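Below: one structure, written as structure tokens.
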Amino acid sequence: MNSCLSNSQYLANIDTYKKVFHIITVIEVPIHIYGAWCVMFNTPANMLSVKPFLLWTYFLSVTVDLAISFVSIPYVMFPSFSGYAFGVVGRADILIYVDLVLIAFVVMSIISAYENRYYILSARTRNPWWSKKRKYLLIFNYISAVLYVCPIFLNAPDQERAVGKVSEILNCTAEPYIDDRRLFVAGLDFKIPFVCIMFESLLVAIEGFTFLILVVKKLMSTTQTSTLSIRTQSLQKKLVKAVVLQSIVPIVVIAIPVFGEMISTIFDYRNQNLTNLCVIIGSSHGVLSTIVLVFIYQPYRKATWNLLTFFCKRRKQLALNKKFAAVGVIKT
């Protein structure tokens, strides 16, 4: 049998795959820095209640981006649950676990933002029981994010024997080492990962929809009976819409590649180019989230517009200065 990575083309080629991630890293770092500047220094007083959650979610999104595109660069080979790490750290056994946990942390931070909206709008004044118990849900969520992948790695097969089994599954020779990067086999099939991912996804879906429904219900009742000013009600609605829109991007960008690969694995379809494309799409969710963050929140849009206006005026001023300087030289 031929090597699984020999004669690989396009994104399946290791060098091409790594170059794509290097380019992504160069692009995403300045974007992330700008997004952090917006959240830290341009969040107005009426958004202070969500600022900690914005920062936390943003920090996790940036961490996931850099963990995948720079630290690990995972090269995963389905339908076996195995792969290499071609980033600055070559321990695929550790990095796959860390990446999956960080992705779950991102989703749980979004649930925390939904819960925070419910708490601010309703539970803080009308549900004292939840005000006392809410911290336990947050603790449970993050513990589940750490533990949901443990069954995958606790059931990892003997690595020396597993390499041969991977070759049989992929119908090509899986190399134990590529340079100094060792192949890690987390599983020979996708049954355990499927159950773990579906459990966490179901938990997230139940909590997310529950808090979203509670928030929408509260906003509708507030519109009909509240003594709050129309401006305050409008600000609350806009903030909830912004939180929902901001959360949709990472969830969709993460969910589509994950469930796409799960479906292809169930049907025993292997396409390394498609797998690598899914990883690339998943790793770009932080950049897309930052762009959405800047455009959906009016203070960040305004700060961006002011910054662009400043640089445009400065550029025009420099051009005029050069023009006047050139005229002065000609006259002399």
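Cβ from N, Cα, C; glycine included.
These numbers come from a predicted model, not from an experiment.
TrEMBL lists 20-41 (among others) with the feature transmembrane segment. Within its own chain, the transmembrane segment (20-41) is flanked in space by residues 11, 51, 54-55, 58, 62, 65-66, 68-70, 73, 87, 280, 283-284, 286-287, 290-291, 293-294, 297, 299-300, 303-304, which lie at least six positions past its ends and keep a Cβ under 8 Å from the stretch.
Under the heading transmembrane segment, TrEMBL lists 53-74 (among others).
Counting only same-chain residues 6+ beyond the ends of the transmembrane segment (94-114), those with a CB under 8 A from a CB of the stretch are 50, 53-54, 56-57, 60-61, 63-64, 67-68, 71-72, 74, 76, 83, 85, 87, 138, 141-142, 144-146, 148-149, 153, 184, 186, 200, 204, 207-208, 211-212, 215, 243, 247, 250-251, 254, 282, 285. TrEMBL lists 94-114 (among others) with the feature transmembrane segment.
Annotation comment: TrEMBL describes 135-154 (among others) as transmembrane segment.
Residues 81, 104, 107-108, 110-111, 114-115, 117-118, 121-122, 137, 141, 144-145, 148-149, 151-152, 155, 186, 240, 244, 255, 258, 262, 265-266 of the same chain lie 6 or more positions beyond the ends of the transmembrane segment (192-216) yet place their CB under 8 Å from a CB of it. The transmembrane segment annotation in TrEMBL covers 192-216 (among others).
The transmembrane segment annotation in TrEMBL covers 239-259 (among others). Long-range Cβ contacts of the transmembrane segment (239-259) within its own chain (Cβ-Cβ under 8 Å, at least 6 residues beyond either end) map to 47, 50, 57, 61, 103, 106-107, 110, 113-114, 117, 197, 201, 212, 215-216, 219, 278-279, 281-282, 284-286, 288-289, 292-293, 296-297.
Beyond the transmembrane segment (274-297), the same-chain residues lying 6 or more positions past its ends with a Cβ under 8 Å from any Cβ of the stretch are 11-12, 17, 20-21, 24, 27-28, 31-32, 34-35, 38-39, 47, 54, 58, 61-62, 64-65, 68-69, 74-78, 103, 106, 241-242, 245-246, 249-250, 253-254, 256-258, 260-261, 264, 304. Taken from TrEMBL, the feature transmembrane segment applies to 274-297 (among others).
Long-range contacts of the transmembrane segment (53-74) within the same chain: residues 17-18, 21, 24-25, 28, 32, 35-36, 39-40, 43, 47, 83-89, 92, 95-96, 98-99, 102-103, 105-106, 109-110, 112-113, 116, 246, 250, 279, 282-287, 289-290, 293, each at least 6 residues beyond the stretch ends and with a Cβ under 8 Å from a Cβ of the stretch.
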